[in-house]
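Q: One structure follows; several queries about it will come next.
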Amino acid sequence: MASYQMKRREPLLDQTTQAAIERRGKELLGIGLMLLAALLAMTLGSYVTDDPSWLSATDAPAQNLLGRFGASIASPIYIVVGYGGWALVAVPAAWGVRLAAHWGEERALSRVIFAPFLVCLASVYTATHVPTPEWTHSFGMGGLFGDTVLGAVLGLVPIDTIVGLKLVSALVWLGTLALGLFVMGVDRDELRRFGRGVLLGLILSYDALRGATGRGLRGALHGAVRYGEGVQARRSSRADPVAPDFDDEDDYDDAEEAPARAGLFSRLPVFRRRADPDLIDDEDEDGPAMTPAAEERIRARIADVIRSRSTRSAPVPTGFRPEPPVVRGAALTVPQAPAPGARIDVPEIDAFEDEDGFEAPYEAAPQPVQPPRPSIPVVEPRKLVEQPPRKSVLPSRRARDEAQPGLQFDDSEDGYQHPPLSLLTNPDTIERHYLSEEALEENARMLENVLDDYGVKGEIVSVRPGPVVTMYELEPAPGLKASRVIGLADDIARSMSALSARVSTVPGRSVIGIELPNARREKVVLREILSARDFGDSAQRLPLALGKDIGGDPVVANLAKMPHLLIAGTTGSGKSVAINTMILSLLYKLTPDECRLIMIDPKMLELSVYDGIPHLLSPVVTDPKKAVVALKWVVGEMEERYRKMSKMGVRNIEGYNGRVRDAMAKGEMFKRTVQTGFDDETGEPVFETEEFLPKTLPYIVVIVDEMADLMMVAGKEIEACIQRLAQMARASGIHLIMATQRPSVDVITGTIKANFPTRISFQVTGKIDSRTILGEQGAEQLLGMGDMLYMAGGGRISRVHGPFVSDEEVEEIVNYLKTFGPPDYVGGVVEGPDEDKESDIDLVLGLGGNTDSEDALYDQAVAIVIKDRKCSTSYIQRKLAIGYNKAARLVEQMEDQGVVSAANHVGKREILVPEQA
């Protein structure tokens, strides 16, 4: 389905301005560090032992350049680490230069943290030297730390002290040098470039010295004279470029005798000179001006020369035909001579281009024909937005029938009629918003830049816009962990100026999905889902309209396959609206004979509106104690259905109803054996076989709006009922939908969680709640208002946007359903079964069946109270070695039976039974 995304809010500053501010900030920080290093250098350089400080009290004025403040800083540094404190000057100075010059500043944090170790090594190294006369302290030049560490190290070295001192000094020097280079940010490339620079400097110095001296001092003078004569010859030849004068053979021969320059000197650009402006004739003011065509030809010629020089050493790309090399002495392409007096720009020339030190003369030759340059293929940018042709949701047969204005429903039958879709909001009135592909691609590029800022390498390979969020698929670089990207969800949302961002892996693919909310979300209405063919024409037994997925397609789940559903979400996340949409889905699909509902609403607000519809088995239960009774009735109904299916020889409710429909179609009756009494002589029960009309069993859906309130009242009984139903109720056609706004471990226990494989999580408060309900984080980053994560039975999680249904729509549908008559309530749901059946249910649930042992324990408690004439909960607990709750129940039972009195104002009880003799 088509989807959209609106343009997000532009940041206050563009990226260029932000980058400029960041650069200026680093430069200011670098200048500040250099100033700090200068102040430390002044402090340490002007240190005097007798200066007043916090270690020495004197009235003499401080000689330190920074006064008493500088002396107070320099004194402890020299005492602790000695001359090793100068490392505190070198580190900020080095990093100040780096930050100011933007040279390797990204390594600052990972390197500077080792600065204290550099100071310690420098202290130990300076301690290995003999103190100078200027050092007036009683300890060595490495300070107290350096002397202590050096003494300990020398004590461990099993060699002579002098040799050991030299060895330790050399090793510490190497360590200090290596650690110093590391702390100051020097890496291997910089060391390699520094070594190359030193080697190149030596080579150039030797080459320059050899070229300057020639064959000694006499050769140097001779070379200087010949060089001047060569310059004059070239100047005269350039005065007339069409007819160069080479008549002076002696000068040319002398030029050939000049010492040749070899090696790097003749090839380095630093030793090439630009054309002397004096060699070019000034523009004749009276001469004609250069024509535009001639100027254009000269510029083209200069560009060809520069291009040919720049491509001599450049690598030739694959598939390109290289140009033929320039042969020395061959003719160059000479443009037409410009107008007389015109001034031209001469390109850079080599001072010593020929092997003998002078240029070769131009020779007349035909202009070479250059081969055609190969065309460079233009690679079109890849398209990121995968936006297939928008397909409308296929309507169901019922939706098509209701859309026909001339179609009239047959009201002659008195049977149940499904609510019409016209009671719901028409989706055609919803405003749609779409974002262009250009805007989506721009957002994708911006997201790539944000990820690159956090060190996440990869590229956005696809963009999938949806009605509420847009998913950007990231193809991560090899070796990048998905957990690292998932942990950046909050930072990505902040950098993209979004409310939240959810990052998760895409099942079955190698990409990571980054979901960002649209600027304006599309409203999802229930009618659009119920009108879809996926809901109306599906063969699902208990379809639930959950909403739309990220792509905008309807999501319809089958409660019969789940088989139970657990829902969690905070207040305002859309949990109650989602429960309403699920209930309406069942009401629109199933008749009261096909599905019956039991609604438990401890909050007395959400589900009370459905009271009186024909689908209910009992009024909406609002009392938590009645809720326990209702759940026990459901357990009893499940056991009864299993007995019926066992006698019928079927495995589930579909098989049982199929047998019933076949029997009704054939007019057959079912038989059952019932007890009619007891034999008067033997006293044995008497059974008779009777026939009865078979009836299909409806599905029963139990909806609990708030589990937390029930767990607080009767947690053990509620958990036992839910566990029993979740384990066995599927085949009997009984299903649970349970919701809570507190997905904590005391509400969603491990037993409940293990028996509810299908779960839905709306927005929660934190990652812990998300892990409690889903087993992973992500629900805390939802948008609320129906935005949910749906986890199917296999554990795969998908994002769904729930539909909205208003209270007015719910009331209209309820009023329509009430027109078909009052509901057929079952009295035992809230009143509870008889005592015998209730005890059987408690026995099945593990809540009863231990009456004999409890009676024996009560008799022991009564005997202890009568004998000792004392009664309190803690006393009974100690005597019988039982729990506090059980002891309290025994005391209450004794109070009810008149064994002890009620507690007085101080908590004491009187023993009402006389002491036995």
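Keep in mind that glycine also has a Cβ here, set from the backbone N, Cα and C atoms.
Not my notes, these are from TrEMBL:
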TRANSMEM  28-49  transmembrane segment
TRANSMEM  69-96  transmembrane segment
TRANSMEM  108-127  transmembrane segment
TRANSMEM  139-157  transmembrane segment
TRANSMEM  164-186  transmembrane segment
REGION    234-253  region 'Disordered'
REGION    382-425  region 'Disordered'
DOMAIN    552-771  domain 'FtsK'
BINDING   Gly569, Thr570, Thr571, Gly572, Ser573, Gly574, Lys575, Ser576  ATP binding site
Q: Which state, by DSSP, holds Lys575 (ATP binding site): helix, strand or coil?
A: helix
Q: Average the per-residue pLDDT over the domain 'FtsK' (552-771) and send me the rounded value.
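A: Overall, the domain 'FtsK' (552-771) comes to a mean pLDDT of 88.
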Q: Mind checking which of Gly569, Gly572, Gly574 has the fewest other CB atoms within 10 A of its CB? They're the binding-site residues.
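A: Looking at the binding-site residues Gly569, Gly572, Gly574, the Cβ with the fewest others within 10 Å is that of Gly572.
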Q: Ranking 28-49, 69-96, 108-127, 164-186 by the number of C-beta pairs under 8 Å to the transmembrane segment (139-157), which range is first?
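A: Stretch with the highest Cβ contact count: 108-127.
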Q: For the binding-site residues listed here, Thr571, Ser573, which shows the highest count of neighbouring CB atoms within 10 A?
A: Ser573
Q: Using the Cβ center of Gly569, Thr570, Thr571, Gly572, Ser573, Gly574, Lys575, Ser576 as the ATP site position, which other residues in that chain lie within 8 Å, going by their Cβ?
A: Gln741, Phe762, Gln763, Gly784
Q: With every protein chain in view, how many other Cβ atoms are within 10 Å of the Cβ of Lys575 (ATP binding site)?
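A: Other Cβ atoms found within 10 Å: 26.
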Q: Should Thr570 (ATP binding site) be counted as helix, strand, or coil on the basis of DSSP?
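A: SS state of Thr570 (ATP binding site) = coil.
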Q: Have a look around Ser576 (ATP binding site) and count the other CB atoms within 10 A of its CB, chains all included.
A: 21
Q: Report the listed stretch (28-49, 69-96, 164-186) having the maximum count of Cβ pairs within less than 8 Å of the transmembrane segment (108-127).
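A: Ranked by Cβ pairs under 8 Å, first place goes to 69-96.
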Q: Under an 8 Å Cβ to Cβ limit, what residues of the same chain, 6 or more beyond the ends of the transmembrane segment (69-96), are close to it?
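A: Residues 29-38, 40-44, 46-48, 51-56, 62, 105, 108, 112, 115, 118-127, 137, 139-146, 180, 183-185 contact the transmembrane segment (69-96) from elsewhere in the chain.
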Q: At a 10 Å cut-off from the C-beta of Thr570 (ATP binding site), count the other C-beta atoms across all protein chains.
A: 19
